[in-house]
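Notes follow the structure.
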Amino acid sequence: MNGTEGPYFYIPMLNTTGIVRSPYEYPQYYLVNPAAYAALCAYMFLLILLGFPINFLTLYVTIEHKKLRTPLNYILLNLAVANLFMVFGGFTTTMYTSMHGYFVLGRLGCNLEGFFATLGGEIGLWSLVVLAVERWMVVCKPISNFRFTENHAIMGLGFTWFAASACAVPPLVGWSRYIPEGMQCSCGVDYYTRAEGFNNESFVVYMFVCHFLIPLIVVFFCYGRLLCAVKEAAAAQQESETTQRAEREVTRMVVIMVIAFLICWCPYAGVAWYIFSNQGSEFGPLFMTIPAFFAKSSSIYNPLIYIFMNKQFRHCMITTLCCGKNPFEEEEGSTTTSKTEASSASSSSVSPA
């Protein structure tokens, strides 16, 4: 083993020199330069500085404007709530611990940070899955005359919380565990050890299959079918410039969604799986730290993609920020009108939300 395993921690450094110390009790500056901890603290501060106002604004604007309180936007709000969970439950904790150079909050703090970060990330992930299924059901109409109602939205919300809890709760009750990872300033699922009594192997396999591969397959299937539906609608009206424009816009939106999904989760999942399947191999603390915190940046670009590309929401947001007046109202209105005309073949559901 090319690391040091202790009670409720694993440090990616052999203790041949005797300098390895518990990440709950001592600064870990022997792992990386102290400047790296300062950089991590600054990065977390940036995520808080950007993530909180973006997601809070999403909630505030939706509450203020009644026309935004639609069933589909319930899921978008759920995404914002999930991101706020990550901001308050994960980012603030990591910023504080990185200031000290170790997980100063102890074992209980590690459990709480790992739980809230995992819960927020999983709620966000499954919210994207529900959005993908909704787009597929409405646009492609596998069930004729299907209409996404408030009851469907509530069921979708319940499903996201159930699925997220099914991933975040088990490490708290003995199926796997949360331990400090990377630079030892944040906590995640134990991919690193085969500690007796925790069944880490079975939980990691369950987590990858049920909470990564299945969501990925569903998202690809739904958006793949959505692209086909848009192309078919455009082919039926080849002389309509607005339809062709709608096809290009939706194609661009879907490509951005899928790429963001992959960029957010694949590096972290790939590194975690490598560590799990090559336990005992040599790797540095930054090997897991960089993809883990890159995945956490989804709290910023998720709302930008899934909400700010929504013309109606953007109009309401600008109106709120400009004290009741949208200086771009005419442009926004004409764009929305053309979008509605272009998407008539699919009941105006081709355009983003």
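From the backbone N, Cα and C atoms, a Cβ is placed for every residue, glycine too.
Keep in mind that this is a model prediction, so the values were computed, not measured.
Per Swiss-Prot, the feature compositional bias 'Low complexity' maps to 334-353.
According to Swiss-Prot, the feature disulfide bond maps to C110-C187, an assignment based on sequence analysis. Residues within less than 8 Å, Cβ to Cβ, of C187 (disulfide bond) and separated from it by at least 6 positions along the same chain comprise F103, C110, N111, E113, G114, A117, Y178, I179, P180, E181. Under DSSP, C187 (disulfide bond) is assigned to a strand (E or B) in the three-state scheme.
Within the same chain, the residues at least 6 positions away from N2 (N-linked glycosylation site) whose Cβ sits under 8 Å from its Cβ are P12, L14, G280, S281, E282, F283, listed in sequence order. In the three-state DSSP assignment, the secondary structure recorded for N2 (N-linked glycosylation site) is coil. The N-linked glycosylation site feature in Swiss-Prot is assigned to N2 (among others).
N15 (N-linked glycosylation site) counts 13 other C-beta atoms within 10 Å of its own C-beta, drawing on all protein chains shown. For N15 (among others), the entry in Swiss-Prot reads N-linked glycosylation site.
Per Swiss-Prot, N-linked glycosylation site is recorded for N200 (among others), and the stated evidence type is sequence analysis. Under DSSP, N200 (N-linked glycosylation site) is assigned to a helix (H, G or I) in the three-state scheme.
Under 8 Å, Cβ to Cβ, and six or more positions away along its own chain, K296 (N6-(retinylidene)lysine) finds L47, M86, G90, F91, A117, G121. Annotation comment: Swiss-Prot describes K296 as N6-(retinylidene)lysine, evidence class similarity to another entry.
Taken from Swiss-Prot, the feature region 'Disordered' applies to 329-353.
Taking Cβ pairs closer than 8 Å, the topological domain 'Extracellular' (1-36) reaches residues 100-104, 106-107, 110, 177, 179-180, 183-185, 190, 192-193, 195, 279-288 in its own chain, all 6 or more past its ends. Sequence annotations record features per position, and here Swiss-Prot assigns topological domain 'Extracellular' to 1-36 (among others).
Across the topological domain 'Cytoplasmic' (62-73), DSSP helix (H, G, I), strand (E, B) and coil residues number 9 helix, 0 strand, 3 coil. Among the features that Swiss-Prot reports, topological domain 'Cytoplasmic' is placed at 62-73 (among others), with the record citing a curator's inference.
Marked as topological domain 'Extracellular' by Swiss-Prot on the basis of a curator's inference: 97-110 (among others). Counting only same-chain residues 6+ beyond the ends of the topological domain 'Extracellular' (97-110), those with a CB under 8 A from a CB of the stretch are 8, 23-29, 34, 37-38, 40-41, 44, 178-180, 183-187.
Summarising the annotation, Swiss-Prot assigns topological domain 'Cytoplasmic' to 134-152 (among others) and lists a curator's inference as the type of evidence.
Taking Cβ pairs closer than 8 Å, the topological domain 'Extracellular' (174-202) reaches residues 3, 5, 8-12, 23-24, 28, 31-32, 36-37, 40, 90, 93-94, 97-98, 101-103, 110-111, 113-115, 117-118, 272-273, 275-276, 279, 285-289, 292-293 in its own chain, all 6 or more past its ends. Among the features that Swiss-Prot reports, topological domain 'Extracellular' is placed at 174-202 (among others).
Per Swiss-Prot, the feature topological domain 'Cytoplasmic' maps to 225-252 (among others). Mean model confidence for the topological domain 'Cytoplasmic' (225-252) is a pLDDT of 67.
Swiss-Prot lists 275-286 (among others) with the feature topological domain 'Extracellular', giving a curator's inference as the kind of evidence. Listed by sequence, the residues of this chain that lie at least six past the ends of the topological domain 'Extracellular' (275-286) yet keep a Cβ under 8 A from its Cβ atoms are 1-3, 12-13, 28, 31-32, 36, 182-184, 191-194, 201, 204.
If you look up Swiss-Prot, you'll see 309-353 (among others) marked as topological domain 'Cytoplasmic', on the strength of a curator's inference.
Among the features that Swiss-Prot reports, transmembrane segment is placed at 37-61 (among others).
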(request) Please report how many Å separate the Cα atom of N15 (N-linked glycosylation site) from that of N200 (N-linked glycosylation site), as a whole number. (result) 23
(message) With Cβ-Cβ distances below 8 Å as the criterion, list the same-chain residues six or more beyond the ends of the transmembrane segment (287-308) that contact it, or say none.
(response) 12, 40, 43-44, 47, 50-51, 54-55, 58, 76, 79-80, 83, 86-87, 90-91, 94, 117, 120-121, 124, 128, 131, 181-183, 186, 188, 253, 256-257, 260, 263-265, 267-268, 270-272, 275, 314, 317, 353
(message) Please list the DSSP helix, strand and coil residue counts for the topological domain 'Extracellular' (97-110).
(response) 9 helix, 0 strand, 5 coil
(request) Taking the Cβ of N200 (N-linked glycosylation site) as the centre, count every other Cβ atom within 10 Å, in any protein chain shown. (result) 23
(request) Over the span of the topological domain 'Extracellular' (275-286), count residues by DSSP class, listing helix, strand and coil in order. (result) 5 helix, 0 strand, 7 coil
(request) Helix, strand, coil: count each for the residues of the topological domain 'Cytoplasmic' (134-152), based on DSSP. (result) 10 helix, 0 strand, 9 coil
